C-alpha cells in the first residue's frame, strides 16, 4: 500500500513539475516581447555556444560578478545553429555565442535574432557586424595549418592549402570532422576560392585529393592533437588558439604555417535570440561580451584575437602582427553553406572508400 | 455492483492515459518524421528518396549499416553463446567471480568504453605500443579503426545479451533428458541439435533482435573510431547539422524500416518454431574436461577473454588518476594524482551532470513502472484486442534505433503539441526523461510480463475467497512474488539510462547535461583524465545497481 502511495505521489510530483517548468519561459516571453519597456535585468541568462567550457566559465563568472545575473551555458559545437533553429518556436537560450559570421548572416535572414545596440558598435568595422544590429563579431578566429617540427623540416612542410592535396603528404594529414564548427567554415572558404572564379569543380577535385591524403578525421580536438603529439601524423589545421594552447600548455613541438593564399579568418559572433526568456539580461550580455575589456581578457587568457582596435593594445604581442587572411565573402557562404557542406559530407569525403578495410 | 462500476471507470481511465501517452510520444512523432521525409523544395513528393538512392555512396552507407548489424549478431552470438555453454557445462573454479566479470561490460557505458579503447588500442595506445615494444616490431601490430574497430567495440559491449539469455535458457534444460538420450546412444551432436538447440533458440532469437537494433543504431563507435566506415546513424547527424532535416528524416525512416522489418522477421520465425518450455527437473551436472591438452587450450582462451574484458575497466580507473596534459604526448603517462577527482567534486558545474543523470534515471524508472505495470497486468490477465495493441505499441521502440526516437521527438515537439497540452518540449528538461522512458518501456514490459506470468493467479483467488480485500491481497500476496523481477528490471533500466549517449547528445539542454555529454565534452577539451573519472563514477553506481540485481534475481546467478 505504502509503495503504491509513494508511486502515485511521485507521479503527481513529476507531472506537476513538468507543468511548471514548461510554463515559465513561455509566460516570460509573452510578457516581455510586445512592450520591452521594463529594462530591469532578469536573474538568469542562458547561453548556447561553441566556445570551450573554460572560456565560457570565465566570461560567465565575470558577468555574474558585474550584474548579479546567474549564467547557464552549454557548448554545442557544430550543432549550435541546428539547435537554435530547432528551438525557434520556443527559445530556451537567450544568447548565441560563437559560430562563424556566415551562420549569423544566414540565421538573421531566418529572423532568429533580436537586434541590439551596444555602445561599442560604432567602433566596430562594418565587416564584423550586421547593418541592423542582429549580430556582432567579437572574436577573430584564424584557422591555420601547422605541423610537428620533429617530423618535418620547414622546407618539407606545406606552404599553402593547395599543397595539402599533393601526393607527398599522403597519410600525413589529419583533420577534425564536420562536427567542428571551425572546420566547417574552413572547408567552405576553400570551396569559395574556386567558386568565385566559376571553377567550383576544381574545389571538389581538391577536396577529393585532400580526402585521399587524409589519414584520419577526428571527432575531438584532443584526439587530433594527440595524434600529432604522438607522431601518428605530421600536418593538420585547427584554430590558432588551440594550436597555441598545445604549444604553451602541453609543450608540443608545433609550427604554425602562414599560408600563401592566407589563412581562413572566422569572425565569431554574438547575438541575442528573439523572444528569449531573459531579453534584458541578453542585451546586457551582448554589451558585456563585446566590450574592449572582455575582448582583451579573451585575448590574454585564451589567445582569442579581438575585433575592436581599442582592445588590441592590451593584447599579447603576437596578435599585433597580422597573418595573411584568405579573401572570403561570408554572405555568399551563408547562402551556400548547407548545400556545400552536405555535398562534402555525403559525396566527397571517403568517396569510393567505404567497405575497404584499412 | 457499485464496486464493479468503479473499477470499470478506473480501467477506462487507465486505458485512456496509456493510449494518450503511447500515441502522443511514440506513434504521432513517428508519423511526423515519415511525413517530413517527403518534404522537398517543390512540395511533397518522393524526390528525396529518388535522389538518395541514385547516389552510390548512399547505397554503400545502407549496405554498411546492414552489414554492421548482421556482423554484430554473428560475433556477439558466437562469443556470448560459447561463454554461456562453457559456464553451464564445464566445472570452473571461482564460478561466481568469473560470471560477474563476464557480466561486467553491462556496467560500463558505451561512450566511455570507446574512449578507453582508443587510449588502449589506438595507434599510440598503451597496448598497441607495448606489444610493438615487446616484440620489437617496426610497425604497429594492428589498426584499431574502421569496421574492425567498430566490431570490437560492439562485441565487447553486446555479447552480454547472448551470454545472459542463453545462460538462463540453459538453466531450464532437464539434464535427465540428456542422460536418457545418451543412454539411447545419441551422439553429442544429436543431443545438441535435438535437445539443447531448440531450448536455447528463443534466447538466441531475442538476443539477435536486440544486438541487431543496437548494431545498426550505434553512434559513438562509428563516430569516434569508424574513420572511413560510414553508417546511417552518423549520416543522420551530419544531415541534421547541415540543416537538412528532411534528408535526416528520410534516413531515419530507412533505419526504422530496417529495424522493424528485421524484428518482425525474427519474431515470425520465432513463432513458427515456438515450443513448450521444459519444466526443469534435474539441473545440468557440470563436467571437467578430461583431455589435458584440450583443457589447456580452453583455459587459455577463456583466460584471454577475461583479460580482454577486464583491461579496459582497469584502464578507466587508472587513467582517471592521470594528469590530462601528460596524456597528450607521452605514450605511457607519468604524472598521477587526485587532480581530476578534486575538480569533479569541488566544482558545482562539473559535478552537476552526474546528479542530472541520476535524477533522470530515477524519473525514467518511476514513470516507466507506472506505465508498464498496469499494462503488463492487464495484458497477462486478458488477451483481448486493446491489450494486444497496447503491448505492440509499447514494444515498438525496441525495433526503433535510439537516434530515430530522438529525431522523432525533435520533429514532434519543437512546435506546440496537443499531446502535451500545447507546450513545446525541445530544450526543456523533460524531453530527455521522455526519450529515456520510451526506450526503456520494452524492457520494463518484458520483465513485468515475465513476473506476472510466473505469478499463479489462483493464489490471488484463494486470498480473495478467504476474505482478504484486493489491496491486502496485493500487499501480502502479489507484491512479494512479483517485486524481485520488477526491481531487478528497474535496476537494469537504471544502468542502461545513466550512461546513455546517443539520445542525450541530440536532446540535452542547459538544465539536463548528462554525465555522458560531460564525459565527451571533457574529452574534446583536452581533459581525458576528467572524462575518465566521470567514467569511474558511473561504473561504481552501475556496480551497485548490478549487485542489487544479482541479489534479487536468483536466475541470473
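Any Cβ shown, glycine's included, is placed from N, Cα and C.
The domain 'ABC transmembrane type-1' feature in TrEMBL is assigned to B:62-266 (among others).
For B:354-549 (among others), the entry in TrEMBL reads domain 'ABC transmembrane type-1'.
Within its own chain, the transmembrane segment (B:12-31) is flanked in space by residues 256, 371, 374-375, 378, 386, 390, 393-394, 396-397, 400, 408-409, 411-413, 417, 419-420, 434, 437-438, which lie at least six positions past its ends and keep a Cβ under 8 Å from the stretch. TrEMBL lists B:12-31 (among others) with the feature transmembrane segment.
Sequence-distant neighbours of the transmembrane segment (B:66-89) (same chain, 6+ residues past either end, Cβ-Cβ under 8 Å): 95, 98-99, 102, 147, 150-151, 154-155, 158-164, 166-167, 170-171, 200, 204, 207-208, 211-216, 218, 222, 231, 258, 262, 284, 286-287, 298, 302, 305. Residues annotated as transmembrane segment in TrEMBL: B:66-89 (among others).
Here TrEMBL flags B:101-122 (among others) as transmembrane segment.
Positions annotated as transmembrane segment by TrEMBL: B:142-170 (among others).
TrEMBL lists B:191-213 (among others) with the feature transmembrane segment.
If you look up TrEMBL, you'll see B:247-266 (among others) marked as transmembrane segment.
The transmembrane segment feature in TrEMBL is assigned to B:296-322 (among others).
Summarising the annotation, TrEMBL assigns transmembrane segment to B:358-380 (among others). Tertiary proximity for the transmembrane segment (B:358-380) is limited to same-chain residues at least six positions away from its ends with a CB under 8 Å from its CB atoms, namely 11, 14, 18, 21, 387-388, 390-391, 394, 432-433, 436-437, 440-441, 444-445, 448-449, 451-453, 486, 490, 493-494, 497-498, 512, 514, 541.
Sequence annotations record features per position, and here TrEMBL assigns transmembrane segment to B:392-413 (among others). Non-local neighbours of the transmembrane segment (B:392-413) in the same chain are 22-23, 25-30, 32-33, 36, 209-210, 213-214, 216-217, 219, 233, 236-237, 240, 245, 248-249, 252, 255-256, 259-260, 262-264, 371-372, 375, 420, 424-426, 431, 434-435, 438-439, 441-442, 445, 500, 502-503, 506-507; each lies 6+ residues outside the stretch with a CB under 8 Å from one of its CB atoms.
The transmembrane segment annotation in TrEMBL covers B:419-438 (among others).
Residues 100, 103, 106-109, 112, 115-116, 313, 316-317, 319-320, 322, 340-341, 344, 353-354, 357-358, 487-488, 491-492, 494-495, 498-499, 515, 518-520, 522-523, 556-557 of the same chain, all 6+ positions outside the transmembrane segment (B:531-550), place their C-beta atoms under 8 angstroms from a C-beta of that stretch. Per TrEMBL, transmembrane segment is recorded for B:531-550 (among others).
Within the same chain, residues 79, 83, 86, 90, 98, 101-102, 104-105, 108, 112-113, 116-117, 119-120, 126-127, 156, 289, 333, 335-338, 340-341, 528-529, 532-533, 535-536, 539 sit at least 6 positions outside the transmembrane segment (B:296-322) and bring their C-beta atoms closer than 8 Å to a C-beta of that stretch.
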